[in-house]
Amino acid sequence: MRHPRLPSRGRNETVGLILFGLASMLLMWLEFFIVRHRVPLAFASAALSIIIAVAILRRQRDARRIAVAVVAGAGAVSQLLWIATLQYVLFIAALVITIVLTVALWVIAWSQNRRKRSEHRSVLTVITRATGLVAGSLAVLLSAGMTVVAIDPTPVAVALQESSASGNSFEPHAPTETRVEKGVQLTSVLQYGSTYPNSYLDVYIADNDPTVDRPTFVVVHGGGFIIGDKATGDPNSPVSESAMFAVNSQPLLENGYNVVAINYGLAPQVPYPVPVRQLGEAIQYLTVHADELGLNMDAVVLSGSSAGGHIVGQYVNIQTDPAYAEEAGIEATINVDALKAVVLDSAALDASRAGATQLPELSRDLLFDLALRSYVGTSRDTIAQSNIITYANSAWPPAFIADGNTGSFPDQARDLSAKLDAAGVDNELLIPPVRDAVLVHGYMSEVSPWRDQYNERKIAFLEKSLTPEETTG
């Protein structure tokens, strides 16, 4: 005898509930991963939630369905409020509500067929239901994991630190020593402070001769604020092995500069704006010990790559704008007259645009957004205060601003250059066009003709910015 079949209307509603839940979850995943399109995706999610709220009540209105409709409505409201206010807590609320809504829809779909399961016990049916249960559970767990990372990116940041041998420590990774490397005197692992972790720096003296008076080029490494090192540079760049010394610093040493590379505490364990304070401590240490180190701290060039560019940019804003220094709660530590030039390479200048690289690379959007959240957090006031472009001013030293054209921040570089132009500050912008070559974030550390062009343009700009007696080739 054949078992009665589930009515078509009931089957269709069950499938509809499952698909509604799946669509809600997929939109949530897209909203999490595609940072640059979160606003339109939030609109889509809000619209879907409204449709679900209406559809779930069309057939019947029991307490369970009304509760699901209320959850769907709350999801729509939270998405729309987040769009209107850009308050990050509302984005988190929307993610959480989406998970609750999806689970509720799937529970209703699952329970709707409980009375009919005894009539559909074929092996295929059992396997299908078990597979659906496992897949749904995994999807919910994955969504919960995304929400945890959205709330606090620390687990991902720590994993990246462990995988790249980065981290925070008050202890030196090696003893302080002075040696000659490639004809350059290197004094490594000098401690410049004791208040914060990673307060160490390296000093490179050109031609192994500290008696020659040369300008001092201070470089702050990148790494998204969460990884990186003074000796190897930014792991996000195309080449990281000995990148600071072998690729970026050697041309400077050959053209009459001594080089100092500093470390700083890494986020999220060491948050904004501690690395800026550490840069100030490093400058103070170098000034006090200038004679014994063979450094000229009356002719200083500050340089930063990626995250290091942000740290340097904010430090310069503090040195050149007393009102901003007071707002940031950080004292100036160098005479502005001694600050001869600034070099910014693929600098992250505006935290609010960290997840919107140009030309877009969605994976870098997500990574950079996570990195800036690890460092700056999600407070709109803090993000606004950390904006280098907003506070750049007419007292800035000459600036050389360079970036790639793909998966980086050339739009931010252009905005800073325009701001400095308007303020009457001498600056040069180098962003090679994509029609000539695809150059990614931190391309300056990759051995190529474009790196050579970058070094030539940078050194020429610095020579123009420094007085003749301050450079010794």
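Just so you know, glycine gets a Cβ as well, placed from its N, Cα and C.
Automated prediction, rather than curation, is the source of TrEMBL annotations.
Owing to the predicted nature of the structure, the values given are computational and were not obtained by experimental measurement.
Per-residue confidence over the domain 'BD-FAE-like' (201-408) averages 93 (mean pLDDT, predicted model). As annotated by TrEMBL, domain 'BD-FAE-like' applies to 201-408.
Positions annotated as transmembrane segment by TrEMBL: 12-35 (among others).
Here TrEMBL flags 41-57 (among others) as transmembrane segment. Residues 16-17, 20, 23-24, 27-28, 30-31, 34, 65-66, 68-70, 72-73, 75-76, 79-80, 82-83, 91, 94, 98, 101, 105 of the same chain lie 6 or more positions beyond the ends of the transmembrane segment (41-57) yet place their CB under 8 Å from a CB of it.
The transmembrane segment feature in TrEMBL is assigned to 66-84 (among others).
As annotated by TrEMBL, transmembrane segment applies to 90-109 (among others).
Summarising the annotation, TrEMBL assigns transmembrane segment to 130-151 (among others).
Ranked by number of Cβ pairs under 8 Å to the transmembrane segment (66-84), the listed stretches 12-35, 90-109, 130-151 are led by 90-109. For the transmembrane segment (12-35), the list of distant contacts is 41-42, 44-45, 48-49, 51-52, 55-56, 59, 75, 94-95, 98-99, 101-103, 105-106, 108-109, 112-113, 132, 139-140, 142-143, 146, 150, 355-356, 362, 365-366, 369: same-chain residues at least six beyond its ends, Cβ to Cβ under 8 Å.
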